[in-house]
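For reference, the structure discussed in these notes is given below.
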Amino acid sequence: MTPNDAKRPLQLNDQGRLRHFLSLDGLSRELLTEILDTADSFLEVGTRAVKKVPLLRGRTVCNVFFENSTRTRTTFEMAAQRLSADVITLNVSTSSTSKGETLFDTLRNLEAMAADMFVIRHADSGAAHFIAEHVCPDVAVINGGDGRHAHPTQGMLDMLTIRRHKGGFENLSVAIVGDILHSRVARSDMLALRALGCPDIRVIGPKTLLPMGLEQYGVRVFHDLDEGLRDVDVVIMLRLQRERMQGGLLPSQGEFYRLYGLSTARLARARPDAIVMHPGPINRGVEIESAVADGAQSVILNQVTYGIAVRMAVLSMAMSGQTAQRQLNSESEEQI
């Protein structure tokens with residue numbers, strides 16, 4: 001390792017381009033904007049009769065999910081396939097890790113099979129970072145969610161959703177509501193919104209579900225949902241992550257819905273053109289009313305669509321020396 005290697009962020013290569021994608025912390029507005037611009041270009045691929053481009057032909061992407069997932073795992077698979085990569089999805093319950101093999105040894109064996117990229121989801125915060133520190137130099141690592149720490153591709157698909165529906169971030173008020181304490185999505189969203197210039201970021205929830213140190217994110221904290229929703233442009237609802245909770249944080253789900261559930265009446269306190277988002281899975285009647293989740297202001301299904309494009313952008317940028325945007329343009333020109 002050279003002195004420059006020691007100083008350079010693990011996520012970036014010598015040219016300041018993506019090498020791994022582990023967290024949004026410390027990434028520049030320019031790089032985040034490039035990811036969004038590239039994802040915008042890939043949205044067009046999803047409208048084609050043949051939804052494929054050859055950018056990662058001959059490359060192998062391994063999805064290694066140690067936590068259950070539907071949207072994230074499936075959209076990463078679709079993203080890699082649309083880029084023409086070969087995709088391996090490791091079923092952890094039937095893999096050698098269930099027989100006592102360590103995560104490190106499992107990944108070393110997959111590396112020996114010439115995998116080019118790992119998409120990792122793990123219950124432990126920092127797991128993806130640990131793996132990125134120990135893989136071969138030519139292998140990329142993408143964080144598909146690690147503990148409470150980060151979910152960077154979810155953060156970016158949320159930003160793409162906001163940008164496509166609101167045009168930008170400079171004049172927006174965004175409210176993030178619910179279980180902030182256990183949410184890696186909330187952390188990634190707050191980092192991205194701040195980096196992209198959103199002037200008013202609000203977090204709303206009971207004191208027992210708000211972490212210490214929120215001031216470092218430049219947010220305003222509300223404990224009253226009605227007050228916090230006043231005149232916001234974007235509402236991001238979060239589910240109660242009861243699997244990560246210890247007892248005593250909430251009196252009941254019913255009480256939580258009474259105080260912090262998003263109903264049609266409560267949504268009326270936001271701007272008339274406000275959009276409603278949710279990373280899923282939705283708990284109807286716990287954090288959000290069905291009439292809101294399925295209503296005209298909901299863009300929840302759009303988030304899923306945009307997630308494929310964002311993950312295509314991240315996969316291609318992390319595995320490429322040039323911008324994916326430039327590659328996509330070149331590929332399109334060759335077809336003309």
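Placement of Cβ uses the backbone N, Cα and C atoms for every residue, glycine included.
The carbamoyl phosphate site recorded in Swiss-Prot comprises R71, T72, H151, Q154, G280, P281 together with one of R29, R108, R121, R194, namely R121. A count of other CB atoms within 10 A of each Cβ picks out H151 as the most crowded of the binding-site residues R71, R121, H151, R184. Across the structure, Q154 (carbamoyl phosphate binding site) and R239 (L-aspartate binding site) are spaced 14 Å apart at their Cα atoms. Within 8 Å of the centroid of the Cβ atoms of R71, T72, R121, H151, Q154, G280, P281, where the record puts carbamoyl phosphate, the same chain has further Cβ atoms from S69, T70, G144, G145, V185, P279. Long-range Cβ neighbours of T72 (carbamoyl phosphate binding site) (same chain, at least 6 residues apart, Cβ-Cβ under 8 Å): F65, R121, G144, G145, H151, T153, Q154, G307.
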